[in-house]
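Undergrad: Have a look at this one before I ask anything.
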Amino acid sequence: MRSDSIKVGYEHAPHRALLRATGVTNADMSKPFIAVVNSYVDVVPGHVHLQEFGKLVKDAIRAAGGVPFEFNTIAVDDGIAMGHAGMKFSLPSRELIADSVETMMEAHRFDGMVCIPNCDKVIPGMLMAAMRLDIPAIFVSGGPMAAGRTPDGEALDLISVYEGVGAYQSGKIDADRLKMLEENACPACGSCSGMFTANSMNCLMEALGMALPYNGTALAKTAEREDMAKRAGALIMDLVEKQITPRMIATLDAFDDAFALDMAMGGSTNTVLHGMAVAHEAGIDYPLARLNEISSKVPHLCKVSPSGKWHMEDVHRAGGIPAILNEVHKSTGLIHLDRITVSGKNLREAVEKAEIKDDDVIRRANNAHSASGGLAIVFGNLAPNGGVVKTGGVSPSMRKFTGTAHIYESQDEALAGILAGQLKGGEVVVIRYEGPRGGPGMQEMLSPTSAIMGMGLGEKVALITDGRFSGGTRGACIGHISPEAAARGPIAALKEGDVIDIDLEARSLNVRLSDEEIRQRLVTLPPFEPRTQSKWLRRYTHFVTSADHGAVLED
Ligand SMILES: CC(C)(O)[C@@H](O)C(=O)O
Ligand SMILES: [Mg+2]
């Protein structure tokens, strides 16, 4: 066992002395040492309940013959970090989590790990570490929050409040309504209840094979979720015994299946960024353009908030991720069912018998929202290396749009301008210098996109950025534009009033300028100066790579 290198032999008497002081007994010394990688923090509703949740896992490990050792990662609450300088730290926290899990696992030679993520960056951070280490691992998430309800029963979620801000600013709702939204949108612990980034990633882990069936949809603090924790604590012992490791599970076929699910369920655009980063750590160079090939073959079957009225509890009730995967399998033949998963069984075991129990929530392929998937990658002279859009969240009238550039040099400037009523309609809002290096930290633009929707401008303006979006963003919003402005991508060449053409069917994003004009404009720009005094973020800007490679740090 890996852990023999800290607990076997006379030369490890000091190590054992220390382990005894933590409560390890003589009998424990011959057992596998299992890390419980928790992410309990008080400030995130998706993590506030994970202390007792982690205990369920530890007890199960011990009952199955292992010795559990729990440690914690950080967890950023994107919704609280949103709309101010705090959001610059969100994506970089993913790298801190990956590196800290690697550090703890390597320093203490654990034999396996049960990872307990839930919200946005914690899932990819832990998954990146699991792929990097390639030591037996299983994931069990903290679970989604239930949807909120207005006093008359209308479903609410965090995005209702974000869009409420724009509606209040433009006089569409009063202060009492905004207060009601604030008080009712998030009823309890769990990851915010729509198909936002946390739930998207927790669902993708089922398709990847790194989490048990229903990991993405069984609500937090339910008997079903707690049973999943207990099963994960027992299953890690089998994975260690059989030496089934993450890279044996998360193969290229597994990533293809995860992105096929993403297309069918209309996941957050962040799944593209994080999926590329996790694949990179698994040693797989996943080409961004491959997503369009998958999107063209996989129907969009499920519209969950912000793209529709359903929430995770509805998806669970309707059959969950296994039911979506089964419908994709039956209608496209694309899903690789005979792949091993952390359950010790093949994907087929959970998927083939799964039925759709409510075909309003999970549509059948012959009645899909669209024949192509809910995400797309656009290319063109503004995005030579790609841009990402959640097509499932774009209204039909905005899938083809031409507008004049209204340029903001930062998210803060854009939010202030939008809320001050600067937009009239017919514009393409350009928010630049918010890429991985330029921001730095590639902020999510939920505040500006929600303000646009809340002010009723969603059918009148589009928005493009080298930053990224929240899973709660909807509308004609294209993000992750690569190369970013700080890397002198063409988005840096744009001037106020330039005419921009967006065509989602053609997967294109272009400005009506010649290549020579773009080149001329770029060479006149001054050298880029990092825009942060933060020591950590300054270091981050030196190592971060482009969004089309997952914005990972250079190896
Ligand atoms: C605040 C949210 C909804 O978590 C957002 O940050 C996301 O990425 O979905
Ligand atoms: Mg987020």
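Indices start at 1 and increase along the chain as displayed.
Cβ atoms are placed via backbone N, Cα and C, with glycine included.
Below, the features straight out of TrEMBL:
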DOMAIN    31-349  domain 'Dihydroxy-acid/6-phosphogluconate dehydratase N-terminal'
BINDING   Asp78, Asp120, Lys121, Glu444  Mg(2+) binding site
MOD_RES   Lys121  N6-carboxylysine
DOMAIN    360-551  domain 'Dihydroxy-acid/6-phosphogluconate dehydratase C-terminal'
ACT_SITE  Ser470  active site, proton acceptor
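Could you tell me the structural context for the features on the list?
TA: Confidence for the domain 'Dihydroxy-acid/6-phosphogluconate dehydratase N-terminal' (31-349), expressed as mean pLDDT, is 97.
Under a cutoff of 8 A between CB atoms, and with a sequence separation of 6+ in the same chain, the neighbours of Asp78 (Mg(2+) binding site) are Met87, Ser90, Cys119, Asp120, Lys121, Thr197, Glu444, Leu446, Ser470. The DSSP secondary structure for Asp78 (Mg(2+) binding site) is helix.
Lys121 (Mg(2+) binding site) carries neither a helix nor a strand DSSP state and counts as coil. Take the CB of Lys121 (Mg(2+) binding site) and look out to 10 A: across all protein chains shown you find 29 other CB atoms.
Within 10 Å of the Cβ of Ser470 (active site, proton acceptor) there are 30 other Cβ atoms, across all protein chains.
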Undergrad: What recorded positions among Asp120, Lys121, Glu444, Ser470 have a C-beta sitting less than 6 Å from any atom of ligand 2?
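TA: By the Cβ criterion, which requires under 6 Å to ligand 2, the hits are Asp120, Glu444, Ser470.
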Undergrad: Kindly point out which of the recorded positions Asp78, Asp120, Lys121, Glu444, Ser470 have a C-beta less than 6 Å from some atom of ligand 1.
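TA: The qualifying recorded positions are Asp78, Asp120, Glu444, Ser470.
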Undergrad: For Ser470 (active site, proton acceptor), which DSSP three-state class applies?
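TA: Going by the DSSP assignment, Ser470 (active site, proton acceptor) belongs to neither helix nor strand, so it counts as coil.
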Undergrad: Once the DSSP letters are reduced so that anything not helix or strand counts as coil, what is Glu444 (Mg(2+) binding site)?
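TA: Its secondary structure by DSSP: strand.
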